[in-house]
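What Swiss-Prot says about this protein:
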- 103-137: coiled coil (COILED)
- 161-172: compositional bias 'Basic and acidic residues' (COMPBIAS)
- 186-196: compositional bias 'Gly residues' (COMPBIAS)
- 38-57: transmembrane segment (TRANSMEM)
- 69-91: transmembrane segment (TRANSMEM)
């Protein structure tokens, strides 16, 4: 039965385990009715037989038999109607119960469909949540990888800048040492020239003036 509150649940019935009663088709239902009310089909057969005999007597021209068969047909029809009314009154309680059970069966089927629909929605919701979690994990891993790559690139740039700074300092130190050595060599050479020997006069680099030609008048 349904999983609702106890107050909404129908009372148990002896038909609950009778699946054949709920799942019978039209032909099975007619057979069940014939078994429950056998006088009704008997009255129908008597009516058909009386009508057939009346037709045959009419073809033969036997008017007395025709009248007799028509009376028999009316009696058979009346018997059928009485059987139907009596059967309806006798099985009224059972039919009412069957109708209620049919309604309960319909409610049960509707509740089962509703519960199945809810379970399907819950399953879809769980699948969507699992998919969303996987997507979030992938995004997180991608972000972590991107962050690690960025940190490594920054560290590599810092190391390269440090190496360039050290190389610049080394070159600057070497250039300073070379200039200092050159300056020391020049000073020592000058001191050696002054204290080690006579100072030479600077050579006159001015070119000698060419003598002018004598005046022919002198």
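Every residue number used here counts from 1 along the chain in the order it is shown.
The backbone N, Cα and C atoms fix where each Cβ goes, and this holds for glycine too.
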Sequence-distant residues near the transmembrane segment (38-57) by C-beta distance (under 8 Å, 6 or more away from its ends) are 63, 65-66, 68-70, 72-73, 75-77, 79-81, 83-84, 86-87
Average the per-residue pLDDT over the coiled coil (103-137) and send me the rounded value. 89
